[in-house]
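Undergrad: Okay, so Swiss-Prot annotates it like this:
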- His78, His237, Asp241: Zn(2+) binding site (BINDING)
- His264: active site, proton donor (ACT_SITE)
Amino acid sequence: MVRQHTLKNIIRATGVGLHSGEKVYLTLKPAPVNTGIVFVRTDLDPVVEIHGDARAVGSTNFATALCQGDVKVSTVEHLLSAMAGLGVDNAYVEVSASEIPLMDGSASPFVFLLQSAGLEAQNAPKRFIRVKKPIRVDEGDKFASLEPHSGFRLSFTIDFQHPAIGEDVQSTSFDFSTTTFVKEISRARTFGFMKDLEYFKNNNLARGANMENAIVLDDYRVLNDEGLRYRDELVRHKVLDAIGDLYLLGHSLIGEYKAYKSGHALNNKLLLALLEHQDAWEYVVFEDEAQTTPISYVEPAFVGA
């Protein structure tokens, strides 16, 4: 049986919010079967819980934010991407502010935290969502789609007219597995352009961003001294974001995601369209040991080896 997983131990971290620039305390805790990923604002009295659910997305302005009334938790996508990558089904995410800390701008620090906490198999089958019929959403020339597929595949194309971003590094595809995620996707950092800095400042955005936690480009080149972690790091980060956004379905996907210039808003629109068309998907479990699992999850302790 492919089982649900939670954390073995409680683990804590501290970081800075991408948009707020505030210091944030983060605590990841185990949760019972069928809990899902629940975000808990511990700085409020009483505390407020917000489930990691596509229907709870309230804002997608340069990050995905979950909302309940006027309470929100923003920039959830990198942590959710790590949860999806390692196959964590159930966890409580306690946070001391309205934003998950940015860490180094990738999902890698969250992968390390989850690996350090350890994963524990639970006595219940893991539920997947299998795409049965194609679903597509468009916005101008942008699109995002889900199609039936035997595993979980992601294909993404960006379109930046920039000297440092060649045509050959604007598209990528991955067949998802824990190993692929950790080695090929998790280290890709968020990025921004100097020309957008004024807009960010005027709108109180990206106050926590710097070259320690983001790729920064001027009109000609990458400004970070160490350069890029992958030649196509920008499009890989878009895949990382998409994995996190898609995990707001509450379950791992069996299907193929394709996107052109998509972002958090279009990803969420895609999930809502899928959920609305109930004939386009189904829940599946793998209880028979003889069944081949469509997605390969590796015990996190051995992933980095």
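Using N, Cα and C of the backbone, Cβ positions are placed for all residues, glycine too.
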Undergrad: I need the most crowded of these recorded positions: His78, His264. Count other C-beta atoms within 10 angstroms of each C-beta and give me the top one.
TA: His78
Undergrad: Measuring Cα to Cα, how far is His264 (active site, proton donor) from Asp241 (Zn(2+) binding site) in Å?
TA: 8
Undergrad: Please work out the number of neighbouring Cβ atoms within 10 Å of the Cβ of Asp241 (Zn(2+) binding site), leaving out its own Cβ.
TA: 24
Undergrad: Applying the rule Cβ within 8 Å of the centroid of the Cβ atoms of His78, His237, Asp241, what extra residues of the same chain belong around the Zn(2+) site?
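TA: Filtered neighbour residues, in order: Glu77, Ser81, Ser106, Ala107, Ala188, Arg189, Thr190, Lys238, Val239, Leu240, Gly244.
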Undergrad: According to DSSP, does His237 (Zn(2+) binding site) sit in a helix, a strand, or coil?
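TA: Once the DSSP labels are grouped into three classes, His237 (Zn(2+) binding site) ends up as helix.
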Undergrad: Within 10 Å of the Cβ of His237 (Zn(2+) binding site), how many other Cβ atoms are there?
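TA: Around the Cβ of His237 (Zn(2+) binding site), 27 other Cβ atoms lie within 10 Å.
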